[in-house]
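Copied over from Swiss-Prot:
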type	residues	note
COILED	216-245	coiled coil
COILED	316-346	coiled coil
COILED	452-470	coiled coil
COMPBIAS	396-405	compositional bias 'Low complexity'
COMPBIAS	407-434	compositional bias 'Basic and acidic residues'
COMPBIAS	466-475	compositional bias 'Basic residues'
COMPBIAS	502-527	compositional bias 'Basic and acidic residues'
COMPBIAS	533-542	compositional bias 'Polar residues'
COMPBIAS	545-555	compositional bias 'Basic and acidic residues'
CROSSLNK	Lys121	SUMO2 cross-link
CROSSLNK	Lys447	SUMO2 cross-link
CROSSLNK	Lys517	SUMO2 cross-link
CROSSLNK	Lys732	SUMO2 cross-link
MOD_RES	Ser28	phosphoserine
MOD_RES	Ser51	phosphoserine
MOD_RES	Ser76	phosphoserine
MOD_RES	Ser80	phosphoserine
MOD_RES	Thr204	phosphothreonine
MOD_RES	Ser403	phosphoserine
MOD_RES	Ser405	phosphoserine
MOD_RES	Ser443	phosphoserine
MOD_RES	Ser451	phosphoserine
MOD_RES	Ser567	phosphoserine
REGION	14-42	region 'Disordered'
REGION	365-563	region 'Disordered'
REGION	734-766	region 'Disordered'
Amino acid sequence: MNVNQVAENLALSHQEELVDLPKNYPLSENEDEGDSDGERKHQKLLEAIISLDGKNRRKLAERSEASLKVSEFSVSSEGSGEKLGLADLLEPVKTSSSLATVKKQLNRVKSKKVVELPLNKEKIEQIHREVAFSKTSQVLSKWDPIILKNQQAEQLVFPLGKEQPAIAPIEHALSGWKARTPLEQEIFNLLHKNKQPVTDPLLTPMEKASLQAMSLEEAKMHRAELQRARALQSYYEAKARKEKKIKSKKYHKVVKKGKAKKALKEFEQLQKVNPTVALEEMEKIENARMMERMSLKHQNSGKWAKSKAIMAKYDLEARQAMQEQLAKNKELTQKLQVASESEEEEGGTEVEELLVPHVANEVQMNVDGPNPWMFRSCTSDTKEAATQEDPEQVPELAAHEVSASEAEERPVAEEEILLREFEERQSLRKRSELNQDAEPASSQETKDSSSQEVLSELRALSQKLKEKHQSRKQKASSEGTVPQVQREEPAPEEAEPLLLQRSERVQTLEELEELGKEDCFQNKELPRPVLEGQQSERTPNNRPDAPKEKKEKEQLINLQNFLTTQSPSVRSLAVPTIIEELEDEEERDQRQMIKEAFAGDDVIRDFLKEKREAVEASKPKDVDLTLPGWGEWGGVGLKPSAKKRRQFLIKAPEGPPRKDKNLPNVIISEKRNIHAAAHQVQVLPYPFTHHRQFERTIQTPIGSTWNTQRAFQKLTTPKVVTKPGHIIKPIKAEDVGYQSSSRSDLPVIQRNPKRITTRHNKEEKL
């Protein structure tokens, strides 16, 4: 039997059991509810019976016909031929009053415009920057007049704000002062009679507390400092925890070395401040050293050392680490030597020698050292002793020493040349004195008379020069009065250096008299250039192997080798024939000092060398386009032929002639100097309105030599003056008269970025 039929029969039997009631029978609410519950139960029963079949039946979709009228049940608009709108859907809603809230929401949505697309991140950041720039420029623009005023001020004295004087109570002011004069005592008596507050405090404790209490700004600053201190403390604690977790041995090794260096510096500082505490620290360090020495960790016997030894051949850092460990092992295993009593007695004499530093011995032993003037006295004493023993062989020995030193060291020091000149002059004077005793008295008388004539003539010439006020470099001939001195003519090769030597000048009358006595002897009173000629003549006979270049080695500056124009050479004796005006001792000392300082400076040669280098650098360079293996065989050791080089060589065109071509003593650089351009003014400075004003100011001297004392002080007044002992605080808005904004503009921008972007978009649309 089918299940459906069973269900229908059950339903019919259930209906038969129901009692038929009349139509007008009144039903209560409970009865209505019971009927609805019965229907619901009946429906559930039918569904349960249907499900007993065991097969899932598919529910067929109900078909509905499209209606031409648009309502909440049908939204088709095919029949009307128009698009479906929101108003069509809202027509049935208008009639019903129960959907008031829905109507309001729909009206609100209808009134709103289409939502714009959100801007990308780059555009938002750009808008933020623009707004922040405009706000910041607006805030900073209020400082422009103050900056302009400070720039225009002739002088700024910091601190700008005047310090307020400290308000002291009257009892503090009168604590160290008493009435001494009768008038003061009378005034104080009157005040005491009237009970005026002379010594009583004017302020109550509450008023004092209010004055001493910090302001709101100070409290905020104090709180900010405490917050910063707490943040730093937490930061360092986190850093310490992080470092504690690091397992790298290399990191801990580096940290350990850094701590050791820091401890060493602190120990040195502590040793200067508190020696007793430093001694205790020294004992702790010694105990740590003993413990480290007992552990013997630095013998290159561990796993780490063995692995580093394998890589030391290829890795430089590993090799360096091995060397450091070996050095540490050597330092730790080193025994501390303690001297015994016998050794102390024996070494007592050596202590005194060790007190003198080795640097002093090096200075005395090293003749070619940095300061040869320190051993000048020692060398001069030894030379004088040698001249006393054998005065006849002095010139030959001196020449031999000069030649030997030149052969060993070509670049002779300036100080050595001055020392040799001084020693040779001393030897010449002593030799002349010895030979003067051996000559007959007759020759002495004749030579004394001739020397007196020379002196008288020289005095007359000096008197004439004083009267006529002639120039110092005027020449006067004294051929008839000067005694004829017999001397050998030097060889042609030696003539040129002799002529280039400068004649020595006579400074005082006492020196003239001494020279008059010495000039009477033949081959003795000649200065150094003549003696050098005689020595150069003797040295080739004695030593034929000596080269001729040594004759011209003593010459410091040879003008003939450098100057482009040849100057006429004049043969002149070394005996002074001209007397210049008497000079002061200060000028003489100054000239002697300059002479000693620039004795060995070959400035002309250096200058001409520098000029040649500048000319070569300014010449245009030829371009060589030769390639190896192009048209010829190429390879290692093969060079292109000269023909190929000439073929592929592009010669540079000759540049314009240099401005200093015909000026031997001038170098004119025609290229732009980058270093000088950095110091040149590109834009006219602020106070000036025309370039001529600036040039006139630069050209005007500001020294006290060309200006009065008052003008000099005004010109050299410093632009900024600071008072010593005063704290220069930054300028505030309250000091100038502005009100400082409590809230910054930038946080406002960061708090409301959407508001700024929408406003910016509206401005762009407008």
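The backbone N, Cα and C atoms fix where each Cβ goes, and this holds for glycine too.
Ranking the modified residues Ser51, Thr204 by other CB atoms within 10 A of the CB puts Thr204 at the bottom. With a cut-off of 8 Å between Cβ atoms, the residues of this chain six or more beyond the coiled coil (216-245) that come close are 255. Annotation note: Lys732 (SUMO2 cross-link) sits in a coil segment as assigned by DSSP.
When the C-alpha distances from Thr204 (phosphothreonine) to the recorded positions Ser51, Lys121, Lys732 are tabulated, the minimum falls on Lys732. A separation of roughly 61 Å, to the nearest angstrom, links the Cα atoms of Lys121 (SUMO2 cross-link) and Ser51 (phosphoserine). For the coiled coil (316-346), the model's average pLDDT works out to 68. It is 90 Å from the Cα atom of Lys732 (SUMO2 cross-link) to that of Ser51 (phosphoserine). In the three-state DSSP reading, Thr204 (phosphothreonine) counts as coil. In the shown protein chains, 8 other C-beta atoms lie within 10 A of the C-beta of Lys121 (SUMO2 cross-link).
The number of other CB atoms found within 10 A of the CB of Lys732 (SUMO2 cross-link), across every protein chain shown, is 10.
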